Each structure stands twice: as structure tokens, then as C-alpha cells.
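S.K.: Look at Swiss-Prot and you will find Gly76, Gly77, Arg98, Asn199 tagged as substrate binding site, backed by sequence analysis. Annotated site 'Transition state stabilizer' per Swiss-Prot: Lys41, Lys260, in sequence order, evidence recorded as sequence analysis.
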Amino acid sequence: MTAIAQQAADRDQAQAESKAAILIESLSWLQRFHDRIVVVKFGGNAMVDEELTRTFAEDVVYLRYAGLRPVVVHGGGPQISAMLTRLGIDSEFRGGYRVTTPEVLEVVRMVLTGQVSRDVVRGINAHGPLAAAVSGEDAGLFTGRRRGAVVDGVEVDLGLVGDVVSVDPTAVLAQLDAGRIPVVSSIAPDESDPAVSLNVNADAAAAALAVALGAEKLVILTDVAGLYRDWPDRGSLVSDIRADELRALLPSLESGMIPKMAACLEAVDGGVPKAAIIDGRIPHSMLLEIFTTNGIGTEVVPA
């Protein structure tokens, strides 16, 4: 064998050993998560980038065939904004929430259940007939309560915006028991008038569902690497944090990060063993988070 051929053989051997080490590292996590429910909140740039959407679908299918029971909850902010602009409907944000008139809500429902949900289901089902769409309105899955917001010390009316106040996971459990991957859109009937639906935050909806399902983990995809103690100092990235530490840190966080970290806190406080925010811009970040020891992003654990 020539020197060049020997070098190539050595490289192949090293690559094979590296792959084997990665597979063995995943063994303990495969054991831990076997037949366990993992709730994944899909959002951010991953929703509008075709390649990231494709790799997300691959990850979800991988989880399913690896013996986990994944549940996807999605928002649709970018798509909703695009559709409102296309239809010439004015929309504004107050206190970080989209003011939702009845006209806006019809667009929200149309985009979430008729566009985003279908796109996610189609991406997953490219690998087999596995995914099924479920709306938060279906079979009493979510019940919401209207909320306002405080802006500059003044309470403002957000319209048809609410918080999830109760979850009946029966419809989702039925899909899981049938071997399917539920894809859940974040909209909820109003508890005071079930004929009226509310636009609810998808991060909070995912957390509430994770608690109701007794999930092993909540994973929220974001557009940042994780939680920073002192943004924009990239050296302040937090790999893991206890719930009590996060609770104290929460008021000082950037406004865009607060709902996501609050959702992680709600999940852990509700009995979910771990919750994490990860960078959805990195292909296959979900697999790195679940099946490697160091994970990726920021993990929240009980105090």
C-alpha cells in the first residue's frame, strides 16, 4: 500500500471510529427517552427556510423511529405577517403581542391551520404517513382566557389574544397511541365564549401541553444560540440553569427571550424534567440536544 493510500485508509478508520463513538454516546439517551413524549416548539427562521424545515422534519421522524413520541407545536408569526400584508390588513404589536381583531384572527387561523400546519405535516409525511394536524380548537385541546398587556404603565387591549388556561390532551394522546406525530397549531377557544377563538403564544402553548402530557422534555427552537446572561456578550451563553436562578434572572432578559424562557420555566415548574431552547438555524440541532451529553443551547432543570 502506498503512503497516500495508507493515509486515506487511516482517515476512513478515524471517521468510522468517530461515528461509532457518537452512536455509543447516544445509547444512554435512547434508553432514557424510549417511549417518552418530547414536545418540540417549531418556530423562528427554521419555519421560513426550506432547507431548515426539511432537516427539522427529518429530525422529528428520526425521533419517532428511535422510539420517542414527538409532539410538534408551531406558531406562524412570519407567515401571518406576510399574509396580513398581502391582504392589506393593518396589524400592530403592543407589549410584544400582536393586537388581534376578529379580521386578524381569521387570518391567524387560516395561516396556522391551513398553511403552516399543512406544510409541517407534508414535510414529515415525505418520510412516511406519520404526521397528523391537530388544532388547539379540536376536542377541547386548549382553552384560553383573554389577556391584556401593560405598555408604559398603561393597560392596553390586545383584542382576541389569550393565555392557555387548561389543556385536555386526549386528542393528542389518541394520535400518539396510533403511532402518529401530532402537529399542533396554537389557537384556543375562549373559556367565556367557546364560539370565539383566541390567538395564543405558541411557546406558552407548548409548555402547557408538555405539562399536560407528562412529557420528558420540552424543546423550543429559536433564532439564537441560547440564553445569554449579559447579551450581547457572546461569552455569557448559559449551557444550563436551575429554575430558581432563571426565575430571578427573567425580569432582566431581552423582551424577545422572556416568553421562551418563561415557557421553559412553566414546563419545569409543572413537572417536566427538562426544558431547553436551542438554535433552530443549525441543521439537526434537535438531535444534538437530545442525543448528546453536552447538548446544544440552554437547558432548564428543576431547582
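Just so it is clear, glycine is given a Cβ too, placed from its N, Cα and C backbone atoms.
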S.K.: Here are the recorded positions: Lys41, Arg98, Lys260. Which has the lowest count of other Cβ atoms within 10 Å?
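M.R.: Each of the recorded positions Lys41, Arg98, Lys260 was scored; lowest Cβ tally within 10 Å is Arg98.
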S.K.: Can you give me the Cα-Cα distance between Lys260 (site 'Transition state stabilizer') and Lys41 (site 'Transition state stabilizer') in Å, rounded to a whole number?
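M.R.: Distance (Cα to Cα, whole Å): 10 Å.
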S.K.: Just checking a number: largest C-alpha distance across Gly76, Gly77, Arg98, Asn199 for the substrate site, rounded to a whole Å.
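M.R.: Taking every pair of listed residues, the largest Cα separation comes to 12 Å.
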S.K.: Taking the Cα atoms as reference points, how far is Asn199 (substrate binding site) from Lys41 (site 'Transition state stabilizer') in Å?
M.R.: 16
S.K.: Which site among Gly76, Gly77 has the most other CB atoms no more than 10 Å from its CB, taking these as binding-site residues?
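M.R.: The residue with the densest Cβ neighbourhood is Gly76.
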S.K.: Measuring Cα to Cα, how many Å separate Lys41 (site 'Transition state stabilizer') from Gly77 (substrate binding site)?
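M.R.: Pair distance, Cα basis, whole Å: 13 Å.
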S.K.: Using DSSP, would you call Gly76 (substrate binding site) helix, strand or coil?
M.R.: coil
S.K.: Would you mind pulling the DSSP three-state label for Lys260 (site 'Transition state stabilizer')?
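M.R.: Going by the DSSP assignment, Lys260 (site 'Transition state stabilizer') falls within a helical segment, counted as helix.
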